[in-house]
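Participant: Quick one: the structure is below, and I'll ask about it shortly.
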Number of protein chains: 2
Amino acid sequence: MNNREIVVTEVALRDGSHAVNHSFTIEQVSRVVKALDDANVPFIEVSHGDGLGGSSIQYGFSNTNEMELIEAAVDAAENSAISVLLLPGIGTVEQLKEAHKLGAKMVRVATHVTEADVSKQHISLGKELGMETVGFLMMSHMVPAEKLLEQALLMESYGADTVYVVDSAGALLPHEVKERIKLLKSNLKVDIGFHAHNNLSLAMANTLAAIEEGATRIDGSVRCLGAGAGNTQTEVLVSVLERMNITTGIDVYKMMDLAEELVAPILQEPQEITKGSLVLGYAGVYSSFLLHAYRAAEKYHLDPRDILIELGNRKVVGGQEDMIIDVASELAGYKIS
Amino acid sequence: MNNREIVVTEVALRDGSHAVNHSFTIEQVSRVVKALDDANVPFIEVSHGDGLGGSSIQYGFSNTNEMELIEAAVDAAENSAISVLLLPGIGTVEQLKEAHKLGAKMVRVATHVTEADVSKQHISLGKELGMETVGFLMMSHMVPAEKLLEQALLMESYGADTVYVVDSAGALLPHEVKERIKLLKSNLKVDIGFHAHNNLSLAMANTLAAIEEGATRIDGSVRCLGAGAGNTQTEVLVSVLERMNITTGIDVYKMMDLAEELVAPILQEPQEITKGSLVLGYAGVYSSFLLHAYRAAEKYHLDPRDILIELGNRKVVGGQEDMIIDVASELAGYKIS
């Protein structure tokens, strides 16, 4: 990590899993990891989109067992460290041990922004195993900065080496990112990270805002291969930071080349900001709500956006999909009355 | 323009002309303008990508005479004003008079950032005709802020109602935008505008930076339908500004709908940041250089990016394409010596 002011974690092979219906192959992972390693990317995350153990009827089955993908990634990397994502409740302690045994060097333990307390066991295990261990606070836009700090402090107390502010819905505005990173930076001893989504075309703006306030760990997805509208586009981020004289240690030309030659062909569709991804960022809700909201809207003759925005206002979280019908029927009722 | 803190000009039907090889049809223009008008967009620009008279062997022929497109746009708009772009040297006084006669209400007179003096005649004519008249300083990243101010003051002195900072290559960084807008804002009496390109994924970041420093006129292209990597995506911009409680007067839902239903099908390819557009933004050069640089690179066994970056460093401008071979041969010579 020497001489890197900003340490990048490439997430296309994990966050991008959503965008390709969990269809990554061993050959794709090997080739992309080899090229990222050659470009000197320090961390490369490989897991099901929903983390270890995500392959399931609920989150979508992986075409290839993720442990085989992790193994292929470890084999292909000479210097890059392979990272895995783990959501307590989805991934298990056993799966983390297995990934570690295969050679994964970093684990990112991800919880909803209000549920850091469920990360204790897994963060502790990561440390015990000698892995670099990150706390990953998802849907960080849903709580005020003070609440976020409280949760980040919990993760720090469990032993996390880094705590990430994760803008899962791509809903944060730059001033909101600044406020959050600044508060964490001045109250935590560990490193601060930031993970963006581009639903509001703000991934780069928010990433620069986070760096300005002291975040040193940044996620990107090459060619924007991530869920929703994708993340901060890695090869573009590296180019921008180079123009700003901020070192990432990553070879700009090699990143541009591998994006075009290796990653673009993997995308099922070019990444753009569609109506669906925009609405999610605008409403600040989980992508899993989209289809449910459209169905409920049809049933109750509503605009699905009104439902999504109301869900966002009520801070409905993943797992509460049954609320969607309640909200729709209420909205329909208001309209009649 | 009442109750609009930010006045948006939609440029997809002009800047997007490049992205579709100048193939816009009367039917496309009519339908899109009608929908934009219904969404309450104040200004809609319709011209060849290189402005009035751009249809030519050098800039690419339009499939449909732009005067017919302008007429169709004027007919389709109830409240929106139709704008035309004019580059002195390409478009003529006669063409501007014709567009005005057809009902165009705004003209934007565009020059290279160091050549504002050639805009005098056309800005004066725009004012004489009673049109809203804008000075449009292209490739604004190529000169220091002080030089930009000098050129903007010239346009103001000719009678421009607004002066735009135009980031033609998508090369400006947010702090560079702030510096430029701030200086113009504190020295000009007229309104300040900003036109972004997304080559470095900074269109939204730069637009917000411009607004923060006092720009009140902003360009966007719906569905990112513009040259290079496209512009600030209009429907996303309107959503973000609404979230920031900054009024544009534009209906967010209608913009989202027309982007998805009417404009997305017009794009020949979804808009994404490719290697080509990224390199242009990174090097800060005209898009017309790209093909020439790739050819020269092949001839001299160079990386085309090295040529483009050197062209950017030397501030080579459009029309100086013959410099590309000179630079390539020099770079190749340095390698041998």
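The chain as shown is numbered from 1 upward.
Just so it is clear, glycine is given a Cβ too, placed from its N, Cα and C backbone atoms.
Relevant sequence annotations retrieved from TrEMBL are reproduced here:
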- B:HIS18: active site, proton acceptor (ACT_SITE)
- B:ARG14, B:ASP15, B:SER168, B:HIS195, B:TYR286: substrate binding site (BINDING)
- B:ASP15, B:HIS195, B:HIS197: Mn(2+) binding site (BINDING)
- B:1-185: domain 'Pterin-binding' (DOMAIN)
- B:6-256: domain 'Pyruvate carboxyltransferase' (DOMAIN)
- B:ARG14: site 'Transition state stabilizer' (SITE)
Participant: Taking only the Cα atoms, work out how far B:ASP15 (substrate binding site) lies from B:HIS197 (Mn(2+) binding site), in Å, as a whole number.
Facilitator: 10
Participant: In angstrom units, rounded to an integer, how far apart are the Cα atoms of B:TYR286 (substrate binding site) and B:HIS197 (Mn(2+) binding site)?
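Facilitator: Cα to Cα, B:TYR286 (substrate binding site) and B:HIS197 (Mn(2+) binding site) are separated by 12 Å.
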Participant: In whole Å, how far does the CA atom of B:ARG14 (substrate binding site) lie from that of B:HIS197 (Mn(2+) binding site)?
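Facilitator: About 14 Å separate the Cα atoms of these two residues.
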Participant: Tell me whether B:TYR286 (substrate binding site) sits in a helix, a strand or coil according to DSSP.
Facilitator: coil
Participant: Show, in sequence order, which residues other than B:ASP15, B:HIS195, B:HIS197 on the same chain lie with their Cβ within 8 Å of the centre of the Cβ atoms of the Mn(2+) site.
Facilitator: B:VAL11, B:VAL166, B:ASP167, B:SER168, B:GLY170, B:ALA196, B:ASP219, B:SER221, B:GLY226, B:ALA227, B:GLY228, B:GLY230, B:ASN231
Participant: List the Cα distance (Å, whole number) between B:HIS18 (active site, proton acceptor) and B:SER168 (substrate binding site).
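Facilitator: Cα to Cα, B:HIS18 (active site, proton acceptor) and B:SER168 (substrate binding site) are separated by 13 Å.
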Participant: Check the domain 'Pyruvate carboxyltransferase' (B:6-256) for me and report the mean pLDDT.
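Facilitator: Across the domain 'Pyruvate carboxyltransferase' (B:6-256), the average pLDDT comes out at 97.
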Participant: What kind of secondary structure is B:ARG14 (substrate binding site) part of, going by DSSP in three states?
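Facilitator: Where B:ARG14 (substrate binding site) sits, the three-state DSSP reduction gives coil.
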Participant: Restricting to the same chain and to sequence separations of six or more, state which residues have a Cβ under 8 Å from that of B:SER168 (substrate binding site).
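Facilitator: In sequence order, B:MET138, B:MET139, B:SER140, B:HIS195, B:HIS197, B:TYR286 meet the Cβ cut-off.
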Participant: Sort B:HIS195 (substrate binding site) into helix, strand or coil using the DSSP assignment.
Facilitator: strand
Participant: Just checking, which of B:ARG14, B:HIS18, B:HIS197 (recorded positions) has the fewest C-beta atoms within 10 Å of its C-beta?
Facilitator: B:HIS18
